[in-house]
Amino acid sequence: MRNSSVWGRVSVWLPVVVACLVIVAESTDTFSADHTGGWLRPVLERVFGPLRDETAGEINHYLRKTGHFCGYGTVCLTFLRAWLLTFGALTDLGRRAWRWRAVIAAVACTAFVASMDEWHQSYIPSRTGTVHDALLDTTGAAVSCGLVWLFFWRKQRRGRSLR
């Protein structure tokens, strides 16, 4: 980390803490399918007109799964940033080595958070904790890291090879 002060170290990991707190809040009864469907359906019906119960339920389901994928992709990006800044301080590692270590650590940490979230949800009567959701969350994490590589790191490698 560039700034080795206490605040410098905390500021690197603070976004991770905030992202995990958001996950904790979303893991409660307040964000169960029944509750999200309750506010989502009126919005959808205002835009698309009356919906059958099955259609509203399907839309709620797919939006929730999309939320899992994108939400945990975002959580992973906070982990990736923190690990990049942490591993970047290790001067004996080359850039490529610490980037890949950061990616592996970020996806692993996100998978752990997703697993703990699903485990927690299994104890809440209005929620269901599933391995499938944890796998979807981890896939979102891996895809977000893949997008970072595709749009940022790959270009840097190409630029160096052209010189």
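Backbone N, Cα and C define each Cβ position, glycine as well.
Copied from TrEMBL, the annotated features are:
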type     : residues : note
DOMAIN   : 55-151   : domain 'VanZ-like'
TRANSMEM : 71-90    : transmembrane segment
TRANSMEM : 97-114   : transmembrane segment
TRANSMEM : 134-153  : transmembrane segment
Outside the transmembrane segment (97-114), six or more residues from its ends: residues with CB under 8 Å to it: 16, 20, 23, 72, 75-77, 79-80, 82-84, 86-88, 90, 133-134, 137-138, 141-142, 145, 149, 153
For the domain 'VanZ-like' (55-151), residues assigned helix / strand / coil by DSSP: 82 helix, 0 strand, 15 coil
Segment confidence, the domain 'VanZ-like' (55-151), expressed as mean pLDDT: 90
